[in-house]
Each structure stands twice: as C-alpha cells, then as structure tokens.
Amino acid sequence: MKGTSMGVAILAMIVMAQLMVHPSVAITCNDVTGNLTPCLPYLRSGGKPTPACCAGAKKLLGATRTQADRRTACKCAKTAAPQLKVRPDMASSLPGKCGISTSIPINPNVNCNTIP
C-alpha cells in the first residue's frame, strides 16, 4: 500500500509538471539566421525558394509570437541582410512565395520599433 501511495504521488507530480506553463524563450539572432539560412540562394539570386527555406520561414514566423520577438527578428534580419548580400526584392517576396501571410513589412527601410 505504501508503494502504491508513493507511485500515485510521483505520477501526480509528473502530470502537474507537464501541465505547468513553461516560460517562452525569447528569439535570438541565431534563431533568425538559422531558420533563414536555407533561403540564402533564393534571397541572393531569386528563382524558387526550396521546401527547406519555406519550412524555416514558417518556423521563424511561428517563433515570433510576441511584439518583442517580432521586433528582435526584424532588427536581426535588417543587420544580417546587407552582410549576406540579400536582395530586398527577394526578401519582400519570400512570404508570398512560401504561402505565408504576414502583416510585418519586409523592406530595408522598416522601423523595427514600430512593428506591432
């Protein structure tokens, strides 16, 4: 009986731990560039984005749930784009090519601090 009570207590603790809300982890520039690395051939030269590129772009969009995350992602992308020789026209067309709907403007002149 003592073993059964201990087992139930442990099981209850495991269930409670799984039900706890885990704090969200803020997005980093490594997350942004890592998710978009498969897109570099498209972002530099055009053509058609690969399935891996679109999957990374969708993953990045899913990771930017908060205003702070969206602004961080914007700032990271703006910093990295010139260094990686990303064409602005290709960057702005990527969401549409991947079937992604976003209200975030994608252009080199966007003020990241105004993104909702």
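Cβ coordinates come from backbone N, Cα and C, glycine included.
Worth saying up front: this structure is predicted, and the values here are computed from it rather than measured.
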- Note on the structure: Among CYS54, CYS74, CYS76, Swiss-Prot lists the disulphide partner of CYS112 as CYS74
- Would you mind checking which of CYS29, CYS53 shares a disulfide with CYS39 in Swiss-Prot? CYS53
- Task: Scan CYS76, CYS98 and flag the one Swiss-Prot records as disulfide-linked to CYS29.
- Result: CYS76
- Note on the structure: By Cα geometry, the one of the disulfide-bonded residues (CYS29, CYS74, CYS98) nearest CYS39 (disulfide bond) is CYS98
- Message: Let me spell it out: for each of the disulfide-bonded residues (CYS29, CYS39, CYS54, CYS76), count the other Cβ atoms within 10 Å of that residue's Cβ, using every protein chain shown. Which one has the most?
- Response: CYS39
- Message: Through the lens of DSSP with three states only, how would you label CYS76 (disulfide bond)?
- Response: helix
- Note on the structure: For CYS98 (disulfide bond), the closest of the disulfide-bonded residues by C-alpha position, picking from CYS29, CYS74, CYS76, CYS112, is CYS74
